[in-house]
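Notes follow once the structure below has been shown.
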Amino acid sequence: MNEDINNYSTGGEEKKEKLSIRYSTKEIWILILIISVISILGNYLINSNISWNNIDDNSRENFYSNAFYNKLNLTFNGYDQYSGDEELVKYHLRAYGPTNYEFTEEFKEKYPDIVVVRNNFTNEIVDRFNINDLDDLSEIKEDYFYEGDSFTFSSDITEKPNYVVEKKSNLDSFDGTDPQEIDFTKNEIGFKGYFENGKLTLTSTNKGNLKNENERIVFNALRTSVDRYFSDFNNDSPSYSPHKINFYISVDLSSNAFKNLENEMYSRNNEETMFFTSLASVLIALFVIAVFASITDYKKAKNVGFYKGISKFPIEIVMVLLGILLFGFLAGIMVPFTDYPVSLKEFTSKNYIVYLIEFLVVFFTSVTVYYGIHGLKSIYNEGGKSFVFHNSITIRAVKWVFRFFKNIYVKIKDKIFSTFDNLDALNKKNILILYFGLIIFGIFACSIVVRPGLSFIVWILWVFFITTLFNYAKKYYLDLVNISEKSKIISEGNYDVKINEDNTTFKDIAHSFNVIGDNLNEAVEKAIKSERLKTELITNVSHDLKTPLTSIINYSELIVDEESDFEKQKEYAKIIHEKSLKLKKLIEDLFEVTKVTSKNIELHFEDIDFKQLVNQIVGEWSDKFEEKRLDINMNITDNPVVLNLDGNKTSRILDNLFSNIYKYTLEGTRVYIDLENNDAATLVIKNISKYPLNISADELMERFTRGDSSRQTEGSGLGLSIASSLVDAQGGSFEIEIDGDLFKTIIEFE
């Protein structure tokens, strides 16, 4: 992709410059590719013309000496450096001496101040002490004897010398031979000798048979390694060691093991050479890339697709990529020679993976160089707004951690200060003093009681505990304040106020206040209703008493004042008689209602057949029902319904009900009477009202209330009230249901 950034304005004039390789995405990639290829080709040509076997004598001798020493050291201690049929170093050793020298009489006479500790299971010496350097040897013994009978101190026991001969050899054909009697072969370079009391003595070498400089170097290297090994052996062994070592050590120059060692030496030398040539070619390539990247103008470059693309990557990913590339570069150069001891010419003539790795390293590292230089320019020009900071995973993580702990701090702060919200000024001040007083007390207590390393953690827990405790206390306090305020409102007569029982700790108290409010509200409503009924009662009673009384007075005056004939006087007297009976009936009903309401009635309970009583009352009213063409439909159980009731009062109940049916049922309709006796005796009477029932069942049950609101019908309006009171007095239930013009009465006795 090519970006056209050639047009820019200077001093109001349009200038045009040629498309530069520095500002073209496509040509930047081509440049990186070309430099990477040139770097690899140059490295290949240099490596192809270097003499790889040019190693100085001192380096060769040191390499051989280290190899021989490592072989002697590892082999004599039970390890093998190489696996195979042939050994690099041939050896045959015999060692003679007592295995328990430190526990013999000779040792104690020569070294009376030295005490050694022996492991009874392995027979190895595990410790040595000079008693002159100890305050009390018994304390050390206690430490060892604490572990049981596993150790023995030389001061506690004296043993006879136990002489043994130990052999180490990789020459199977010379198993019982004295090392001094073994002859060197034609191609061997070696030594024979003794090592006794810390002194090395060489008895025989084949130095006179050396043919060339290489054999002389090998001879010197083997001599150095033998001297070094026995010197280390002397340092590691105690100075009193009585052992005598008789040895034969040689190296076969014609063996495969020695040839492999030579190849390894050349390979390592070649590895170092190739490493430095490869490193030089990579650094030169990157230097060229750095020059190109440095001479670009930042303001122009940041609009180029190449730079836009690399700017999107976080610097951490770029650094990880760079680390992987460098690791791959080093591994690609060094690992092959470490694992395969061959000459570099042989390796490079057959394997080109090293150059492929180097190419990839140069190519992608060049991109990271562009990224780094462009990033530095971005920081210089844009500061903290640079894409390096903006896209950095580390900075994003730091910001996230900062926001996380900031949110925690804000929440803790808000939690602490919210503890004191909704408190009046005086209480808030006192509680704040108490809160911070407890916090300060916690600081002093933690500094005195708790260990220094844990005091801060304990103090944080203390702050959390105190804050939580105050939050709970605040909740209780605010709940009590809320209940107190609501109770004041209720006490002022606002009984509709409720306390939310779900959001308070004192649910029982809140529920009690709500119930009190409901009860008071219900009591007030009942009182208001009672007053209204009392007013209506006075009005109705006045009306019902006044109407017949007025008729009596008026007709009496007519009889007295008017000069009427006897027939008219007789008619007036009849009317007076009817009104007097009605007045009497009304007064009797009033007395009865008063008695029932005040529980001042006598009930004479006896077993009666309720079914028979219903049939009897229906029979008494049948003639009147026929007058109004009422069709009585009875659905009564066949079995007797025996109940313990007052017969007279129950008859009055039924009589009042059928009286209402006679007065208020629509003529020519049906009346349904059902009597069932299951768990309880239930009498259900249904009829159709002749007047619209625009009234509730409760209101219809009130005294002096009639279905005929115009009060044109006969009756006092006390029938249902008396019937209901008498049913209640006998332990039954009396209900009325109204559905349009359908009037339903339900009486139930247990």
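The backbone N, Cα and C atoms fix where each Cβ goes, glycine too.
Sequence-distant neighbours of the transmembrane segment (28-46) (same chain, 6+ residues past either end, Cβ-Cβ under 8 Å): 21-22, 277-278, 281-282, 284-285, 288-289, 292, 304, 306, 348, 355, 358-359, 362-363, 366-367, 370. The transmembrane segment annotation in TrEMBL covers 28-46 (among others).
TrEMBL lists 274-296 (among others) with the feature transmembrane segment.
The transmembrane segment feature in TrEMBL is assigned to 317-337 (among others).
The transmembrane segment annotation in TrEMBL covers 352-373 (among others). Beyond the ends of the transmembrane segment (352-373), by six or more residues, the same chain brings 28, 32-33, 35-37, 39-40, 43-44, 274, 278, 281-282, 285-286, 289-290, 293-294, 306-307, 310-311, 313, 315, 318, 321-322, 325-326, 328-329, 331-333, 336 to within a C-beta distance below 8 angstroms of the stretch.
The annotation transmembrane segment is assigned in TrEMBL to 432-450 (among others).
Residues or ranges marked as transmembrane segment in TrEMBL: 456-473 (among others).
According to TrEMBL, the feature domain 'Histidine kinase' maps to 540-750.
Averaged across the domain 'Histidine kinase' (540-750), pLDDT for the predicted model comes to 79.
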